[in-house]
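Now, the feature entries from TrEMBL:
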- 9, 11, 95, 208: divalent metal cation 1 binding site (BINDING)
- 133, 158: divalent metal cation 2 binding site (BINDING)
């Protein structure tokens, strides 16, 4: 495939695929995926992300404390995170964020907010991008970003499925909007409105592998056809092309 792509967010350190990470990186590189952002989610997996980035030039390390895991953090979590980001010039801060959906049931939201603020301040202070998870909490995220931002190095709204109405305000604060296979199960009209609300120069693509397997996958993880891999960013690439075609050709 001649097209060169960047997978803006995935988790090759996930226990479901970590033993195949080397193979999946090689498959992605051979398919024209020149860079792969691998996002850590807890202190326990940051070392795996660093090891991958040390071994493969195509891996961009991201280190962060995911909102689902804020209650399990150690006393030294922030110092460790800061040291990792400072020691790795290409590293971004992520995956971080807020989650009020049922997926985060039982996780204290106040603690999520506190942890997110510290990590966004770190990203801004070190002039690094941040990769942000947000489910059912965009009003709160927007308020926090207004308090701390703007973010010249950028904030990536990972697997974005937010309301089109929040896009202009988030864009002003330095946000980019990353789409993944999670968008594909949505009703076409809803998905179209979300994608068309985002300026073309603010769109990013991701796989969120090993999750979010596209409905039109090109590649399958050996031994488990239900899992996703970075090479499938080629499948995700078709999403904005499809949803923007009415703009490009019918001049709506």
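The backbone N, Cα and C atoms fix where each Cβ goes, glycine too.
Summary of the divalent metal cation 1 site environment: with the site residues 9, 11, 95, 208 set aside, the chain residues having Cβ atoms within 8 Å of the Cβ mean position are 10, 37, 39, 41, 94, 131, 133, 158, 159, 206, 209, 211. Spacing of residue 208 (divalent metal cation 1 binding site) relative to residue 158 (divalent metal cation 2 binding site) is 8 Å (Cα to Cα, whole number).
Of all Cβ atoms in the shown protein chains, 26 besides its own fall within 10 Å of the Cβ of residue 208 (divalent metal cation 1 binding site). For residue 95 (divalent metal cation 1 binding site), the Cβ neighbour count at a 10 Å cut-off comes to 29, with all displayed protein chains included. For residue 133 (divalent metal cation 2 binding site), the same-chain residues lying six or more positions away in sequence with a CB closer than 8 A to its CB are 66, 67, 95, 96, 97, 98, 99, 158, 159. Residue 9 (divalent metal cation 1 binding site) is surrounded by 28 other CB atoms, counting those within 10 A of its CB over all protein chains shown.
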